[in-house]
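Student: The structure is given below, and queries will be raised subsequently.
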Amino acid sequence: MCAARQILLLLLAFLAYALDSAAAYGTAETLCGGELVDTLQFVCGDRGFYFSRPVGRNNRRINRGIVEECCFRSCDLALLETYCAKSVKSERDLSATSLAGLPALNKESFQKPSHAKYSKYNVWQKKSSQRLQREVPGILRARRYRWQAEGLQAAEEARAMHRPLISLPSQRPPAPRASPEATGPQE
């Protein structure tokens, strides 16, 4: 009997440990909205995260967004970590030691290649500058918008031909001078 009690006590201890471990690791749960964002920020830390998996990752499941996976289905830690961005250091390791071996770059190495004397770019630029000098936008010369141009021209002509009903003088009338009788003492 004593051995049976020890085995039973050992089984109860193991069962308690197993239940505690399952609760600690947790089963998959659903996360939505702010809870999902907070959890992603906690899991990913400074790396940041994506709402859809980046291209090139090992996709076991069909590429769904994290909202569909975690809000409508169950979500666990491993799944959350697949949506974390890669750290900057792992993508490109530019430590001070690796930069020491690089030669100094000067401005001449970044100059644009020179265009030919009569390249298409120069012809296009000359045509556009000629259009601007003539002050006629290309949209008004287009056949499709010609009716709009004619309407604008008619409106301008109507404004030029409009005459006001009353013509106001361009100068103010002279101020009336006060007569000496009006300015004298009044009794």
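Heads up, the Cβ atoms here are built off N, Cα and C, so glycines get one too.
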Student: Of the candidates Cys71, Cys75, Cys84, which does Swiss-Prot name as forming a disulfide with Cys32?
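Tutor: Recorded partner, per Swiss-Prot: Cys71.
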Student: For Cys44, what is the disulfide-bonded cysteine listed in Swiss-Prot, choosing from Cys75, Cys84?
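Tutor: Disulfide pairing in Swiss-Prot: Cys44 with Cys84.
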Student: Going by Swiss-Prot, which one of Cys2, Cys70 is joined to Cys75 by a disulfide bond?
Tutor: Cys70
Student: I'm validating the feature mapping. Which of 86-91, 110-115 is tagged region 'D' in Swiss-Prot?
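Tutor: The listed stretch tagged region 'D' in Swiss-Prot is 86-91.
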Student: Given the disulfide-bonded residues Cys32, Cys44, Cys70, Cys71, Cys75, and counting only Cβ atoms in the protein chains shown, which has the most within 10 Å of its Cβ?
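Tutor: Answer by Cβ density within 10 Å: Cys70.
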Student: Hey, which bits of the same chain come close to the region 'B' (25-51), Cβ under 8 Å, at least six residues off its ends?
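Tutor: Same-chain contacts beyond the flanks: 65-67, 70-77, 79-81, 83-87.
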Student: Could you state the whole-number distance in Å separating the C-alpha atoms of Cys32 (disulfide bond) and Cys70 (disulfide bond)?
Tutor: 7
Student: What whole-number Å value do you get for the CA-CA distance of Cys84 (disulfide bond) and Cys70 (disulfide bond)?
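Tutor: With the alpha carbons as reference points, the distance is 14 Å.
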Student: Under DSSP, is Cys70 (disulfide bond) helix, strand or coil?
Tutor: helix
